[in-house]
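Novice: Pasting a structure below so you can have a look.
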Amino acid sequence: MPPTPQLNVLQSAEYKIFRVTVLSPFLVTAFHFFLYGLYVPLFRNALVLLKNQPPSRSRWFHQISLITLFIFSSVAVPLGIAYEILHVAVAYYTSTEMLYRTLIILQICRYIIMLIMGFTIDTILVFRCIVVFGFRRKRSVAALVIGLCIIIDTCALSFSIWTEAAFLGKIGEESFLGFSIQQYVSNVFLGLNALVNLSLTSTLAGRIWWMARRNRNLRQAWEKDPANDLSERLNTVVAILLESGLLYIIGLAIFIIGNIAGGHFDTGSVMIQIGGIIPTLIIVRVNAKGRPSEAEESQSDSRHGRSSIFSRSVRSLSEIIPRVNHSLGGPTGLPDSPSDTKLEGLELPSRSRFSTDP
């Protein structure tokens, strides 16, 4: 056979090795640094915005959650760099057993970080749904949803670690790094996690959209302009939730595809940063829009403990967006002298039941 085709085959093989073992990790690392560079100022802005909110359980919950996500995202940066460097090294070193062992241990550490961050993200979503839907008396529903999230996240982590442990015992064998049933099951649970996130986000956005629509109907019943500031802001919140939730699900889908691709590219580092950015981005975008002023949550809760489901839902937005307007009175609310208290079977409370005035 002429030497030229042999040279072309050799060059093609070398290029494939370079593309898989060098170019792919380099691009992932570059994008990883880019996302973390965006994450740092975004996290700072989120803390400043939350610090300016009145003290409430929502503010403390979101502060703790965002700080937790940022800490683990920061820890994942050096782990990701070390992982990508070893990923390149194993392609060019002759003795790779120790490198592979270190690589697998780093991967297990990253899986643990992803589990903690995934559970934190699910907890934030469940917390928002609990508050908006007013599940204070239906704690069994909240416990069921939280339990489902814990089971899915734990199973995804367990099968991922099982996969890496199996690889650890096969170092040097021909079947090493081949696709395993454990990895397949892990990807199934990751897909279920994406489905749960999509369901919670869609449910939350749908509830807020319903509240905006009900607010328009209430204003129409009181012969006021339905296109008020509160409805516009609620619709903005819906758009932000759907956009951010879709971005997270797309990132998770790419991570699953990377697992199925058999090690050609690993987007775990990128997925960790996306998981931290999305909840932080929601807080920043919603608070950056600005909202009407409100009384503190404690005053509102003590005065409106027996209000209607709609008024509770509107007030409960303060748990998601700490400064959303509690009152429907004044320029965005109901008139002082209601003439009709029925709308499509819903009893309309008078203005005094919504107002935060003494």
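Backbone N, Cα and C define each Cβ position, glycine as well.
Look at TrEMBL and you will find 20-43, 64-83, 103-131, 143-168, 188-210, 234-258, 270-288 tagged as transmembrane segment. Under the heading region 'Disordered', TrEMBL lists 292-311, 323-358.
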Novice: For the transmembrane segment (64-83) and the transmembrane segment (270-288), decide whether they are in contact, meaning at least 3 CB pairs lie under 8 A, counting pairs 6 or more apart in sequence.
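Specialist: Between the transmembrane segment (64-83) and the transmembrane segment (270-288), contact is present.
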Novice: Taking contact to mean three or more C-beta pairs under 8 angstroms, with sequence separation of 6 or more, is the transmembrane segment (20-43) in contact with the transmembrane segment (188-210)?
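Specialist: The transmembrane segment (188-210) and the transmembrane segment (20-43): touching, no.
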